[in-house]
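Asker: A single structure is presented below for examination.
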């Protein structure tokens with residue numbers, strides 16, 4: 001197998017898994033929660049799988065960038081510094097989102113029936129809607145700029161488009177489950 005064929009295998013199969021479908025299936029059937037004996041254990045398993053696949057995605061992203069030529073117009077100190085700033089900002093948004101939501105809030109816990117008292121509205125959610133997605137996109141954009149990589153820029157656009165599509169499904173779902181929770185709490189009081 002040639003090294004270029006191996007590179008394609010790196011980013012192939014697992015990237016096509018749609019964990020929102022798995023989570024929505026769980027939300028309807030609770031089969032994972034029963035199989036693991038707990039919605040928390042099932043969510044930790046799914047979240048760990050997502051996290052490991054994100055590491056693989058980042059590795060494949062980097063391999064795709066470094067195996068392609070640089071763009072001369074981007075290969076300068078100013079662009080590198082801008083990329084570094086974007087990467088730093090992205091890390092702040094991703095980590096602060098994770099700390100605000102916790103593991104289960106970050107990794108589809110709401111589909112397992114694991115909800116916060118209310119939707120999180122503190123930093124970074126008071127600055128930016130969906131800071132985890134946009135922070136992650138900023139990370140990829142920053143990394144691409146630091147590597148002066150047109151391939152990285154193209155892949156960043158693809159990542160951002162996937163996140164936009166994901167949000168079309170996630171936002172209404174999250175709004176609805178917290179609306180239902182608020183209605184139940186209001187009804188019981």
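Cβ atoms are placed via backbone N, Cα and C, with glycine included.
Note that the structure is a prediction, hence the values are computed from the model and not measured.
The following feature annotations were taken from TrEMBL:
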type: BINDING; residues: 88, 89, 90, 170, 171; note: S-adenosyl-L-methionine binding site
type: INTRAMEM; residues: 3-23; note: intramembrane segment
type: TOPO_DOM; residues: 24-35; note: topological domain 'Lumenal'
type: TOPO_DOM; residues: 57-83; note: topological domain 'Cytoplasmic'
type: TOPO_DOM; residues: 105-147; note: topological domain 'Lumenal'
type: TOPO_DOM; residues: 169-189; note: topological domain 'Cytoplasmic'
type: TRANSMEM; residues: 38-56; note: transmembrane segment
type: TRANSMEM; residues: 77-101; note: transmembrane segment
type: TRANSMEM; residues: 140-169; note: transmembrane segment
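Describe each of these features in terms of where it is and what it packs against.
Answerer: There are 13 other CB atoms within 10 A of the CB of residue 88 (S-adenosyl-L-methionine binding site), with all protein chains counted.
The topological domain 'Lumenal' (24-35) scores a mean pLDDT of 87 in the predicted structure.
Using DSSP to sort the residues of the topological domain 'Cytoplasmic' (169-189) gives these counts of helix, strand and coil: 20 helix, 0 strand, 1 coil.
Same-chain neighbours of the transmembrane segment (140-169): 20, 61-62, 64-66, 68-72, 74-76, 79-80, 82-90, 130, 133-134, counting only residues six or more beyond its ends whose CB sits under 8 Å from a CB of the stretch.
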Asker: In the same chain, which residue numbers or ranges, 6 or more beyond the ends of the topological domain 'Lumenal' (24-35), come under 8 angstroms Cβ to Cβ?
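Answerer: Hits for the topological domain 'Lumenal' (24-35): 42, 45-46, 111-113, 173.
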Asker: Between any two of 88, 89, 90, 170, 171, the residues recorded as binding S-adenosyl-L-methionine, what is the biggest Cα to Cα distance in Å?
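Answerer: Value for the max Cα separation, rounded to a whole number: 26 Å.
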Asker: Quick one: give me the count of other CB atoms within 10 A of the CB of residue 89 (S-adenosyl-L-methionine binding site).
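Answerer: Taking every protein chain into account, the count is 15.
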